[in-house]
Structure formats: structure tokens, C-alpha cells
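Asker: Handing you this structure, nothing more for now.
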């Protein structure tokens, strides 16, 4: 039954041809194959399962790799490891749910002869088609807000990282510069065109993760290192929500699937991507925390504690490029929403679409300058936005979509046997909703907002250089060698008397 219901998706043609559901990005139909077009296809036009895996893995780890040691200092070693494994599995499960709902929606639409060649399906449209406009509005609000702040975080991370190899400019100035650089992502049409970028992004984060691990082990433990976490409830749940945010990078799942030539192959891709990401996040976070311990509580960027070497500078540069890529990942769905709102989504002119997308970058630029709190902002976004966007809403949507026996019997994809079919799926979904609502949104929201407000009280909004080292105090002895205590102060000269003043005046004026 599921195979028969999947006929719409199965009819999609092979790469290089036009099939129902494939989003054609300003390609010329019937153009002859040349060396240039083949090179473009190799680097630019991706849609395979491997492309999707690179996209998911590259987008998931991103800059949060640098803040996970900070979370370990808040949680402690054992809790940090367990939360990564737990939220990694939970994130993979809800990404699977999103993929099932996408395939269900797309199959129904293709039965109605819908054509998606010049239209990218998005999560809020899936909710609209399956559950109605109220679900669409809620999904659109959470998804757009999360992706907006996800882009903000990437911009903040750019400024935070570059400061460690060039501190002649403050972090706010670097934010201005990288905001302009990241605005160039308006020229990337869709996730279909991230093939080479996704591959390079994953290579870059792999290098950075293993640099953090190896450099920390070679550095060894600092003198008097302490591993006192967890010490406070606020810090504990702040660290937990940062990990919740780490494995909540599947807000772009629908757009990534739509860029695939065979979207139905996506089901296990996110799980495999998560498995690879764990091989990066666990060794790096554990090693840095082992080496520096509680010092990380005041250093949310792990790179700030490692000595400057050519290897560290390389890690910084690679992460900068990767954050540019991830900025595009987070911002591209926002570009699509904006294009649909102003009626330019089906425009075939890349330049017109790029110009129309620019207003989306402006609020991201502004918010990155207002809230430059690298680290704490991740936890706040994780608890308030990620919790609903990629955990609670997908689980509830799946439960309600298949609540009737008729819907379950005619489902495009049946739940796997190892989870207990429909009964097991409902139990897991209910657990996800309750856990994330109570622990992620409830306790996590309280802790992360408390910590976030504390950063505002300490540093203020629009702070020029968040967590920058305090400049050295000038030597008090300069310009008097030996210090001011060796300086002999002369008594002040007596003031002249009035008589002396008049005599002096008469002498110089020649008398009256």
C-alpha cells in the first residue's frame, strides 16, 4: 500500500531531467552538455542522498561546536555526554517525523497534479496542507523566528572568532563587516546549489573539532584545574538547552528534502548525520573541559583558551567560512518566505531575486549588534524556539495527522516495526512533547532567560566587545622611573602681593 501510494514520488526523473517536484533553478531546458555545464553540475547542482547527508551534518554542528565545552562546564562531564546522546536521538526522531509528513503532503499534492518545478515546499506549507491554516500560522511564526535568530547566531560567531586572530578591531566592528559578507548568500538560489559548500563545511568543522580535542590534550590541564559542574540549577539547564539547540538544526529539513532527486530516501539520513556529528562533538567538548575545567564558565568560545598557533588560526579561518555557509543555510528558507510574500518566488531572474532578498538580512544584522552574547543566546533560542519548532510541533503534527484509523491505513509511510508501529510511535511522540515542554521549554527557558538577562545587566545591549580581555592598566610609574613615591614635590610659589603687581605694571608701561 505504501509503495502504491508513493507512485507520485517514484515517477521523479533522474538528475539532469525535469520531473514533477523538482525545483528548477534558472536552468535552460534542453541546453547541450558542455565541460562547463558538467563542472557546474559537479560543484553546484546537488540532489543526491549524499548531498543531503553533507547538508544535514554540516548544518547541524556549525558554530555550536565552540560552545559545547562551555555547556560541559555548566553540566559536568557525565551529564554533558548523556545529554548529547539523548538529544541526538530525539533530534533524529523528530527529523524523521518531518520527513514522513513532507512525503505525505507531497504525495497528496502530486495526486492532484500539483507541479513544484518552480516552487520550494516549506514546513509551514506542509502543516497547512495536512492540518489547516492555524497550524500553518503557528509553524510559520516559530520557524521564521528560529531561523532569524539562527542566522543572528552565525553572524555573532563570525565576529567572536575573527577577534582571536585580529583584535585590532572590536567585535561590533567585525559584525558590521561580516554582515556585509554574509549578505552575498542572496545569490545562492536554493539548497539544490549547496553541493560543494556542504562538503567543504563538513571538512572544516571536522578539522576544527579534532584540533580542539588534540590541542587540549597536548596542552594538558591548567594549574589548579577544577571540574565543579554542575553547581547551580540555572547553569545546568542553560547547558542542557544549548545541547537541545545543537541537535535541533533540522528546521530546514523540508527544504533539504525538496532539493533531493529522491526525497523518500531521506528517512535515515539525519540519523546517520547525527552519528557522525557525535564523533566530532563528544571528543572535542570532553577534551577541552578536561583541560580547562571551570575556566570555561567565563569563556563561552573554546578557542579563546587555547594558545595562538598556526593550527588555531587555521581553525578560526575555517570556522569563519563554515559560518558563512551556515548563515546561508539558516537564511535561505527566510528568503523563500519573503519571495512568496512579495510574489517573486517563481521569478527566473537570479539578480531580481537576489535584490529582493536583501531586506531579509537587515534585521539579522541589527539583532547581532544588539545581542552579541555568543553562547548564552544559543541556550535562549534553544529553549524558546527550537523546543517548539523542531521537537514539539512535529511530534504533535504527526500524532494529529494520523489520529484516525483511515489516515493510518492509507499513510504513505508506515512506522517501523522496531519502534512498535503506530502505538510505539504515539508513545514516543507523547514523551517528546512532554519532556521538551517541561525540561526544554520550562526549566530550560527559565535558566536561559535568567542567564541571558544577567549578560545584559553585566555587559549591556550593543556592547562593543563581548567577553573581550580587559586591556592592561598602564604602568603607574611612567614617566617617573621608580614610581611616584620617589618623586620630590616642590612647595608652591607664593602669590605676588597687590603692591608688587602695581610696581611691575608701572615698570613695563613707563609710569602714569
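Cβ coordinates are placed from backbone N, Cα and C, and glycine is handled just like the others.
Pulled the feature table from TrEMBL, pasting it below:
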type	residues	note
DOMAIN	45-438	domain 'Amino acid transporter transmembrane'
TRANSMEM	81-103	transmembrane segment
TRANSMEM	140-162	transmembrane segment
TRANSMEM	174-192	transmembrane segment
TRANSMEM	199-222	transmembrane segment
TRANSMEM	234-256	transmembrane segment
TRANSMEM	268-292	transmembrane segment
TRANSMEM	314-338	transmembrane segment
TRANSMEM	358-375	transmembrane segment
TRANSMEM	381-402	transmembrane segment
TRANSMEM	423-446	transmembrane segment
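Explain the structural surroundings of these features, please.
Answerer: Within the chain carrying the transmembrane segment (81-103), a Cβ under 8 angstroms from the stretch's Cβ atoms is held by residues 6, 9, 56, 68, 75, 121, 123, 126, 130, 239-240, 243-244, 246-250, 253-254, 257-258, 263-264, 266-268, 270-271, 274-275, 277-278, 281-282, 285-286, 390-391, 394-395, 397-398, 401, 412-413, 428-429, 432, 435-436, all 6 or more beyond its ends.
Remote same-chain partners of the transmembrane segment (140-162), defined as residues 6 or more beyond its termini with a Cβ less than 8 Å from a stretch Cβ, comprise 62-63, 66, 122-124, 171-172, 174-175, 178-179, 181-182, 251-252, 301, 303, 316, 319-320, 323-324, 326-327, 330-331, 333-334, 337, 363-365, 367-368, 371-374, 377-378, 381, 385-386, 388-390, 393, 466.
Long-range contacts of the transmembrane segment (174-192) within the same chain, counting only residues at least 6 positions beyond its ends with a Cβ under 8 Å from a Cβ of the stretch, are 23, 25-26, 45-47, 55, 120, 151, 154-156, 158-159, 162-163, 252, 255-256, 258-259, 320, 324, 327-329, 331-332, 335-336, 350, 353-355, 357-358, 360-361, 364-365, 368-369, 372.
Counting same-chain residues at least six beyond the ends of the transmembrane segment (234-256), those with a Cβ under 8 angstroms from any Cβ of the stretch are 52, 55-56, 59-62, 64, 67-68, 70-75, 79-80, 83-84, 87-88, 90-92, 94-95, 98-99, 102, 120-123, 126, 143, 146-147, 150, 190-191, 266, 270, 274, 277, 281, 297, 329-330, 332-333, 336, 375-376, 378-383, 386-387, 389-391, 436, 439-440, 443-448, 450-451.
Here the transmembrane segment (381-402) has long-range neighbours at 90-91, 94-95, 97-98, 100-101, 104, 127, 130-131, 135, 138-139, 142-143, 145-146, 149-150, 153, 241-246, 248-251, 408, 411, 422, 425-426, 429-430, 432-433, 436-437, 440-441, 444-445, 447-449, meaning same-chain residues at least 6 beyond its ends whose C-beta is under 8 angstroms from one of its own.
Within the same chain, residues 90, 93-94, 97, 233-234, 237-238, 240-241, 244, 379, 382-384, 386-388, 391-392, 395-396, 398-399, 415 sit at least 6 positions outside the transmembrane segment (423-446) and bring their C-beta atoms closer than 8 Å to a C-beta of that stretch.
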Asker: Can you find at least 3 Cβ pairs under 8 Å between the transmembrane segment (199-222) and the transmembrane segment (358-375), where each pair is 6 or more residues apart in sequence?
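Answerer: Result for the transmembrane segment (199-222) with the transmembrane segment (358-375) is no.
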